[in-house]
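Enquirer: Here it is, the structure in full.
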Amino acid sequence: MVSVSEIRKAQRAEGPATILAIGTANPANCVEQSTYPDFYFKITNSEHKTELKEKFQRMCDKSMIKRRYMYLTEEILKENPNVCEYMAPSLDARQDMVVVEVPRLGKEAAVKAIKEWGQPKSKITHLIVCTTSGVDMPGADYQLTKLLGLRPYVKRYMMYQQGCFAGGTVLRLAKDLAENNKGARVLVVCSEVTAVTFRGPSDTHLDSLVGQALFGDGAAALIVGSDPVPEIEKPIFEMVWTAQTIAPDSEGAIDGHLREAGLTFHLLKDVPGIVSKNITKALVEAFEPLGISDYNSIFWIAHPGGPAILDQVEQKLALKPEKMNATREVLSEYGNMSSACVLFILDEMRKKSTQNGLKTTGEGLEWGVLFGFGPGLTIETVVLRSVAI
C-alpha cells in the first residue's frame, strides 16, 4: 500500500518554478503625456481651474512618463459625462466597460504568451487572473477561460482589488502551484483598465490628481511551470524565493475604495519614504541566505509606483542609475499599470538583455529581485535567477 508521504512526493515537481513565456498587450488609444493636461482639463470641463491645471501640468512633467495607453477615448468619455465629473455616481457605466475590457485585453496578452510557450493550450492546468479594475461574478477568470477556449476543468484563481503590489502576488502563487503540482502549467494574467479610476480634478484632493497623472492600461501574461521540457520549453527566469509583508506604521499610506463614484485612491505624501525605509530589511531577508549583500550585483525589477519611489530606493541603497533602467523604461513608455507593471519589466529586461548580447536574461547577472508595493502598505519580494542566453 502506498503511503501518504509517497503520494505527496510524487505530486511535487523536481525543480524550481520557471517563467516559460511572457506576453503583453495595451489598448490602441495612445496618450502623449506632454499634451495630456490639455485633453484632461478640456474633457472634464475644468479649463476654468487654471491654477489646478498648472499643478497637474507640473505633475505630468515630473512623472518621467512619455506616453500611456488608455481604453477611455474622447468619444467614450463624451458619452459618459458622469465618469468625467469628480465623484459623480458612475459605477454602473464603469463596470459595464471593465467587465468586457479586462478579459479582452487579458486574452490579447495571453495569446502572445501561449504562442511563445509553444505548447497546446490544453496543457494549461491552472489559471490565475488579477485585476484592480472592477468586480463581477462569474469573474474575469471565467470569461478568460471561455475567450481562450481553455479546458472547463482548468483550476482557476481570481484576484480582485489587490492593487499595485499584486504583480508579485501572482508570481508567489504561481510558484507554489507549479512546484507542488508535478507537470502543472500555470497561465498568469494581470489586466488593468483605468476606466474605474478616471475622474475630473478636485482642488481639495490632490492625491486623486496624482493617479490621473500616472495610471495607464495594460495586460501581461506569463506561463509558469517547473521542470521545463527540453527542446520545447525555453526558460526565461527561475523563481527561487518569495515573501509578502506589511510595512510597520504604514496604515493608510495607500488605500483604495470601490464606491458609487468608481475606485478612489488615497496616497500619503510619504509613500516613497515608507518604501525606502523598509526595503533594506526585505533585501537582507531575501539575499542573506545566498551570501549577497551588494545590491548593485543583482538585477532589479521594481514596481514603478512613480519616480519619487525609485529615486528614494536608489538613494537609500546607493544603487547605480542603470540598475533601474528596465523599470524606468516601462514607466516612461506605459505609465503605472498597477499589477501588470513588473511583468512588463520582466519582458523588457529579457528582450534588452538579448538585444545587447548579454550572457543572461537578467542583464548578464545571475541573481535578481522583483519588488511590488501597494495598498497596506504591502511589499512583495521575489528572488529571481536568470537563465543563460
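A Cβ is built for glycine as well, from the same backbone N, Cα and C atoms used for every other residue.
Predicted, not measured: the structure shown is a model, and the values here were computed from it.
Quick paste of what Swiss-Prot says about this protein:
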ACT_SITE  CYS164  active site, acyl-thioester intermediate
BINDING   LYS55, PHE56, GLN57, ARG58, MET59, CYS60, ASP61, LYS62, ALA308  CoA binding site
BINDING   THR197, GLY216, ASP217  substrate binding site
Enquirer: To the nearest Å, how far is the Cα of THR197 (substrate binding site) from the Cα of ASP61 (CoA binding site)?
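Expert: Checking the Cα atoms of THR197 (substrate binding site) and ASP61 (CoA binding site) gives a distance of 21 Å.
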Enquirer: Which residue, of the binding-site residues GLN57, THR197, has its CB surrounded by the fewest other CB atoms within 10 A?
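Expert: If we count Cβ atoms within 10 Å for the binding-site residues GLN57, THR197, the smallest count is at GLN57.
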Enquirer: Return the residues near CYS164 (active site, acyl-thioester intermediate) by Cβ distance under 8 Å, restricted to its own chain and a separation of at least 6 in sequence.
Expert: THR132, ILE254, HIS303, GLY305, ASN336, SER338, SER339, CYS341, GLY372, PHE373, GLY374, PRO375
Enquirer: Greatest CA-CA distance (Å) over the residues THR197, GLY216, ASP217 that the record ties to substrate?
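Expert: Of all Cα pairs among the recorded substrate binders, the widest measures 11 Å.
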Enquirer: Other residues near the substrate site, CB within 8 A of the CB centroid of THR197, GLY216, ASP217?
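Expert: Output for this site, in sequence order: ARG68, TYR69, MET70, TYR71, GLU192, VAL193, THR194, ALA195, PHE198, PHE215, GLY218, GLY335, ASN336, MET337, SER338.
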Enquirer: Rounded to an integer, what is the Cα-Cα distance in Å between LYS55 (CoA binding site) and ASP217 (substrate binding site)?
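Expert: Distance between the two Cα atoms comes out at 23 Å.
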Enquirer: Whole-number Å only: compute the distance from the Cα of MET59 (CoA binding site) to the Cα of ASP217 (substrate binding site).
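Expert: Cα of MET59 (CoA binding site) to Cα of ASP217 (substrate binding site) measures 19 Å after rounding.
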Enquirer: With an 8 Å cut-off on Cβ-Cβ distance and a minimum sequence separation of at least 6, pull the same-chain contacts of GLY216 (substrate binding site), or say none.
Expert: ASN26, VAL31, ILE65, ARG68, TYR69, MET70, THR194, TYR334, GLY335, ASN336, MET337
Enquirer: Just checking a number: largest C-alpha distance across LYS55, PHE56, GLN57, ARG58, MET59, CYS60, ASP61, LYS62, ALA308 for the CoA site, rounded to a whole Å.
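Expert: The span, Cα to Cα at its widest, is 17 Å.
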Enquirer: Cα-Cα, whole number of Å: GLN57 (CoA binding site) versus ASP217 (substrate binding site)?
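Expert: Cα of GLN57 (CoA binding site) to Cα of ASP217 (substrate binding site) measures 20 Å after rounding.
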Enquirer: Mind checking which of ASP61, ASP217 has the fewest other CB atoms within 10 A of its CB? They're the binding-site residues.
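Expert: Counting other Cβ atoms within 10 Å of each of the binding-site residues ASP61, ASP217 gives the minimum at ASP61.
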Enquirer: Near ALA308 (CoA binding site), which residues of its chain come within a Cβ-Cβ distance under 8 Å, counting only those 6 or more away in sequence?
Expert: VAL271, PRO272
